[in-house]
Amino acid sequence: MGLKTALPKLELYLYTAVLYLAILWAGSWIWEASSENMNRKVFKKSVKPGWHYFGRKMDVADFEWVMWFTTFRNHILFALAGHVIFAKLCSLISPRRRSLIYGLYGGLAVLVSMGWSFLALVLSHCFILYSVALVKRKWIVFIAGLASLATFKMEPFNSWQEGFVIGSFDLQDILFYGGSGFTIMRCMSFALENCEKKDGNYSFLDLLKYNFYLPFFYFGPIQTFDQYHDQANNPNLTRKQREMWNITTKALLHLGVILLVDVFFHYLYILTIPNDIKLVKQLSDWSLAGLAYSNLVYDWVKSAVMFGVINTVARLDHLDPPQPPKCITMLYVFAETHFDRGINDWLCKYVYDYIGGSHTNIFKELVATLCTFGITTLWLGPCDVVYIWSFYNCLGLNLELWVATFFSLPPFSTIEHAMGEAMSRRIRGIFGAVNFWTIVLYNVLALNSVEFAKLVGKRLIVQGFPQSTLSVLFVTYCGVQLVKERERKQALMDELEQAAVPPTPEEVGKEKTE
């Protein structure tokens, strides 16, 4: 309910004003804490001299961001730029064989960057999982694939395999675990799609071309085999109207966001402060809420930018890669929470949706979520923090269905129908605000620490009740209502676009038959 009826404009303006004022208020507290404590001993490891123009130190606590856009920026740009130039030339010369050329270039790049032993290790896993794919039994594919993935995620197998890599450089561990982990997931996608193929089997060369596409190889995202195979082997390389303009615009947008985040890190040390629990205990409730929220927003921005850079290269190759993750500010349900759209699409297609079906049956949903988060735990690397994160997110996903099923029964469904769409949306907004902070707390423990998450939860729920609790929930409620309004407008636009599309000949024939 609540998609057709809009809330009054004055109410929406009030929600917008409250949300922005609250963000500025929390940001001012974090800025003050950052400025007054930049010389603390705990900060020395992660707060370094920044841009000379600002005259301030910079938060460099996130190794991944620094790796991508500072330390190894030139290496990554060189590899991706070489792929773009090489791929463009080969697409002009032989568009029908471009997927083969992409694979050859990617394999050569892996050989140069990681050596022949790592390449041989990856090829051996590819060959094993290809052999399993020929059996065409999904349960065997899952057993073999997850066993292979476990060898890179659990001791002593991962250390033993890492010993095959010759040499030592700063990026070696990242490339090793990134390349090997994504390889297993791609091989499983290939094998599962081969199980669906009715006539014959895909070739081992098809698997190698898919796996060694360089932009996706080390850092993802994962594009399922069926999508990549169809797109990379499509000889029609014509572009849609304004497609190059959109690609260029998004590339410039990503560049702007990178610069903005670097400027942001000079003034707000949102990654370093949570590591200093003594300082965190001295902060106000609003500062803690702002820190927890901003950490999730930053992680979304980081994922969107890094995958966005790779996706820009993929679009230049006439591919349609997985979209960036949905903004954390737009999330108030566990079913839409993810930070990696590629992994999310993979899990939904082969596990969550496959087992859960329409996601209305409580038992099927429980089995689907347990299997999904079981695989996710293995993918992230089994450890105490990941176990806790998986448990609470799995619980949250099931609780959503249980609560929705309970309130869909009479007399609650009758009462909701009688109260009207606008009031129904307001009440759902209250539940959405509570759910939003549940999502924040369940995920910030993995991004920062369990201790920080416990402290935030204790201050906002126990010590800060009722003033801090209700004020933070009210601000969140305003944000949820703005998101719901955006979703309402988007749903109406989708309905109009769908109505404007003329029916296909098949649909016309079906209507006549009926």
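The backbone N, Cα and C atoms fix where each Cβ goes, and this holds for glycine too.
With a threshold of 8 Å between CB atoms, the same-chain residues lying at least 6 positions outside the transmembrane segment (12-31) that come near it are 267-270, 273, 283-284, 286-287, 289-291, 293-294, 474-475, 478-479, 481-482, 485. Residues annotated as transmembrane segment in TrEMBL: 12-31 (among others).
Residues or ranges marked as transmembrane segment by TrEMBL: 65-87 (among others).
Residues or ranges marked as transmembrane segment by TrEMBL: 99-121 (among others). Listed by sequence, the residues of this chain that lie at least six past the ends of the transmembrane segment (99-121) yet keep a Cβ under 8 A from its Cβ atoms are 79, 82-83, 86-87, 90, 161, 164-167, 172, 175-176, 179-180, 205, 208-214, 217, 229, 232-233, 317.
What TrEMBL records for 127-152 (among others) is transmembrane segment.
Tertiary neighbourhood of the transmembrane segment (251-270): same-chain residues 27, 30-31, 33-35, 38, 43, 47, 50-51, 54, 56-61, 65, 69, 291, 294-295, 298, 301-302, 304-305, 308-309, 312, selected by CB-CB distance under 8 Å and a gap of 6+ residues from either end. The transmembrane segment annotation in TrEMBL covers 251-270 (among others).
Through the fold, the transmembrane segment (427-445) approaches residues 1-2, 292-293, 295-296, 328, 331-334, 337, 385, 388-389, 392-393, 396, 400, 403, 416, 419, 452-454, 456-457, 460, 472-474, 476-477, 479-481, 484 of its own chain, all at least 6 residues removed from its boundaries and within a Cβ separation under 8 Å. Here TrEMBL flags 427-445 (among others) as transmembrane segment.
What TrEMBL lists as transmembrane segment is 465-483 (among others). Remote same-chain residues near the transmembrane segment (465-483) are listed as 7, 11-12, 14-16, 18-19, 22, 285-286, 289, 329-330, 332, 425-426, 429-430, 432-434, 436-437, 459 (criterion: CB distance under 8 Å, separation of at least six residues from the stretch ends).
Annotation comment: TrEMBL describes 494-514 as region 'Disordered'.
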Positions whose Cβ lies under 8 angstroms from the transmembrane segment (65-87), at least six residues beyond its ends
98, 101-102, 105-106, 109, 113, 170-171, 174, 214-215, 258, 261-262, 302, 306, 309-310, 313, 316-317
What residues elsewhere in the chain lie close to the transmembrane segment (127-152), defined as a C-beta under 8 angstroms and at least 6 residues from its ends?
158, 161, 177, 180-181, 184-185, 187-188, 190-192, 194-195, 201-202, 204, 207, 375, 378-379
